[in-house]
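Reading through the structure tokens given below for one structure.
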């Protein structure tokens, strides 16, 4: 078997004073925090597509990467070489998990039968790699957006045969995820949306998408898949408008089709900002609704209006996000999955390590600071105090449904109430949080 990353040693934790570019400065997998190791809290995963499939092209230019695992006599041989490279990378980096789309790991072929046969062979290859290395699958998914057949959608397509083709891919991708002991299955509707309303029946397409998701849930129970089903929100790109716009939109969709107890969300940082929200907002919203499943850890560029999928470097942002996750009990089956890609000019194989090492150190620093915020309870206590009156008889009775509008109007008049505003102390709280982050 070829060694693809000969110049890179196994990446180890060396501490903040290390000058070794191939060492973690802050990510110490075995460090104990709140009763768990750092690795158990973060559950880090590497994505297959950007890391091993993307060749550095963009809409204005051709490939800039020259990946040795792409040079093979056949597509299947290239897929197997890619698997060798991937698991060498996972092992040297020391991550516990990875994730993939079906066509990341297997050639699509020239027919649906070739697709099925190729994928089945590659699942066996992946299974052997997992057993040999101990690397686990965080989640699997099907790519129902890249092939031209999906230009008008997959589940929302006007043609039911394309719906059936997408169903075939999801059927086999779910089965593969179960066979590989994956802990989640993700559904991202990259083409589930519209370019123009002039040729779009919104009600019909939403009904099609709802039925597709119901079928996914049915299949989960049929095959005994014990992982979590996840929808990944995104407002646009590649379509003008996607139906899974943001967390709140997805929750409304799930409620409409009776799926709110069956499917959670996989939040991506860059998707949140494209929707006009902060990453913190989307995580907090998902946690408040009880539907946070997993996180695609990356960041966008504030000056650009598209999905740049950069490696996360903001400890400020990820401290607040990790704080929300810890408040809600931490990850169960999900984790921080790096949906990240190098910049086109970062051509060297070593750059893959630099990007992931920095991202893992960012998560480690953020976790340590979020844990301190949880343990000190200062922020939580201030929030509790802000809403304390809702625990008194009036507030509790309102929420319990014991009062009508008329009751409250009579109460206000009888008691001549004159409630006064109280400072929200935002600036003080921001200073407090900075004290944790920059200490």
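Positions of Cβ are set from backbone N, Cα and C atoms, glycine also.
DSSP classifies residue 101 (active site) as strand under the three-state reduction. Around residue 101 (active site), the same-chain residues at least 6 positions away in sequence with a Cβ under 8 Å from its Cβ are 48, 49, 140, 141, 142, 143, 173. As annotated by Swiss-Prot, active site applies to 101 (among others), with the evidence given as sequence analysis.
Marked as active site by Swiss-Prot: 104 (among others). A 10 Å cutoff on Cβ-Cβ distances gives residue 104 (active site) a total of 22 other Cβ atoms nearby, all chains included.
Among the features that Swiss-Prot reports, Mg(2+) 1 binding site is placed at 232, 268, 296, 339, with the record citing sequence analysis. In the three-state DSSP scheme, residue 232 (Mg(2+) 1 binding site) is classed as coil. Residues near residue 232 (Mg(2+) 1 binding site) in space but far in sequence (CB under 8 A, at least 6 apart, same chain), listed by position: 186, 187, 188, 244, 265, 266, 267, 268, 271, 296.
Around residue 271 (Mg(2+) 2 binding site), taking its Cβ as the centre, 30 other Cβ atoms fall within 10 Å, counting all chains. Residues annotated as Mg(2+) 2 binding site in Swiss-Prot: 268, 271, 307, 309.
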Report summary line: With the fewest other Cβ atoms within 10 Å, the residue among the binding-site residues 268, 296, 307, 309, 339 is 307
Query raised in the report: Beyond 232, 268, 296, 339, what residues of that chain have CB atoms within 8 A of the centre of the Mg(2+) 1 site's CB atoms?
Result: 188, 234, 266, 267, 269, 270, 271, 295, 298, 337
Query raised in the report: Given residue 339 (Mg(2+) 1 binding site) and residue 307 (Mg(2+) 2 binding site), what distance in Å do their CA atoms have, once rounded to a whole number?
Result: 11
Report task. Provide, as an integer number of angstrom, the distance between the C-alpha atoms of residue 104 (active site) and residue 309 (Mg(2+) 2 binding site). Result -> 17
